[in-house]
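Have a look at the structure below, then the notes.
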Amino acid sequence: MTARDFVEVSKPRIVVVLVITAVTSYLAATRFDATPSVAWDVDWFKLGFLTLAGALASMGASALNHYYDRDIDKVMERTAKRPIPAGRLSPKSVLAYGLGVSVLSVVIAWFTLNPMATGMIALGIFFYVIIYTAWLKRNNAWNIVIGGFAGSAASMAGWATVTGSMDLLGFLVGWLVFMWTPPHFWCLAIRAREEYASVRVPMLPVLIGNQKTASYILANTAILLPYSVGLYFLNPGPGLLYTIIAAISGSLMLIYHYKLTKNPTPEFAWKAYKVTAPYLVVIFVALAVDALFYYKIPI
Ligand code: HEM
Ligand SMILES: CC(C)=CCC/C(C)=C/CC/C(C)=C/COP(=O)(O)OP(=O)(O)O
């Protein structure tokens, strides 16, 4: 039992990207705050505790996911070397860690942020651990689509930290993560199809095959692209900088996913999966930087 194992069950790479979506949503929201004054009108106390609470929530939820999935993780090659199946951590210690860190994240958010931001953080944990991991993952082919709302919760928590509420734009910005989740995961699921079949987890490629799943991925990205660009036309909405970057990065991802329909192999699906996290970071960073230009160069 080492600290390194507790870091691993926290899924640190996912924590980093989730926190990026929360912090960038916070910065973007300052542009639309009721009393906009200067760019990135940052309350560093709140931004710091949003980062801490968001990271702890993601870490705790991921640890509980490791605890619940320890039986199938032992069977799948991709996950067999993880701390619980490999015997480096006991299930009980990961359960205690996951519960403790998850509760701590909500308590910190409650005393430092506001009720709406706290609610979104709690909803993210609930959707990931209960709705996705415990209920849908092993029972429903649309598991990651519905469970994908968990990922939106981090962005919405960041937005709500500024506004104290969940306005339309804040919700639609968070919805970008929901729309992004299917291509993100289904590309990986094509590569891991046999493994998911061996543990009877009904991921889409297990049920309809790689070719059809690739078509679903392309269709999803073909909707995500105009959705992400279309936010520009809201009033208020993001500016040109974000919109141009969303159009370019989304088009590049669409080309990748079109090629995947012509070559739905595990090897190409892995490449298509690896571009999804960078895409999400790029559009959310663009959304935050766009807010900065808004005050400097009113467009
Ligand atoms: C229900 C929703 C989601 C599912 C089913 C899912 C599934 C996965 C899986 C299975 C992996 C590979 C993990 C591994 O083998 O190490 C992964 C990696 C990853 N996921 Fe997701 N994910 C979801 C949502 C998210 C969200 C919301 C984010 C961040 C906002 C995210 C960010 C990442 C990152 C950064 C990686 C590592 C990518 C890399 O190694 O290049 N995922 N995801
Ligand atoms: C605000 C807040 C805390 C939100 C939480 C959102 C969150 C942590 C989303 C991540 C979802 C995810 C990585 C699912 C993969 O689980 P899996 O079981 O399919 O992946 P695995 O097989 O690699 O374990």
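Using N, Cα and C of the backbone, Cβ positions are placed for all residues, glycine too.
TrEMBL annotations:
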{"type": "TRANSMEM", "residues": "12-29", "note": "transmembrane segment"}
{"type": "TRANSMEM", "residues": "49-68", "note": "transmembrane segment"}
{"type": "TRANSMEM", "residues": "89-111", "note": "transmembrane segment"}
{"type": "TRANSMEM", "residues": "117-135", "note": "transmembrane segment"}
{"type": "TRANSMEM", "residues": "142-162", "note": "transmembrane segment"}
{"type": "TRANSMEM", "residues": "168-192", "note": "transmembrane segment"}
{"type": "TRANSMEM", "residues": "213-234", "note": "transmembrane segment"}
{"type": "TRANSMEM", "residues": "240-258", "note": "transmembrane segment"}
{"type": "TRANSMEM", "residues": "279-297", "note": "transmembrane segment"}
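Proximity of the transmembrane segment (142-162) to the transmembrane segment (213-234) is not established, fewer than 3 Cβ-Cβ distances being under 8 Å for residue pairs spaced 6 or more apart. Within the chain, the transmembrane segment (12-29) has long-range Cβ neighbours (under 8 A, six or more residues past its boundaries) at 40, 42, 46-47, 50-51, 54-55, 58-59, 62, 151, 154-159, 161-163, 170, 173-174, 177, 238, 277, 280-281, 284-285, 287-288, 290-292. Sequence-distant contacts of the transmembrane segment (240-258), counting only residues of its own chain at least 6 positions beyond either end whose CB sits under 8 Å from a CB of the stretch, comprise 183, 214, 217-218, 221-222, 224-225, 228-229, 231-232, 271-272, 275-276, 279, 282-283, 286-287, 289-290, 293, 299.
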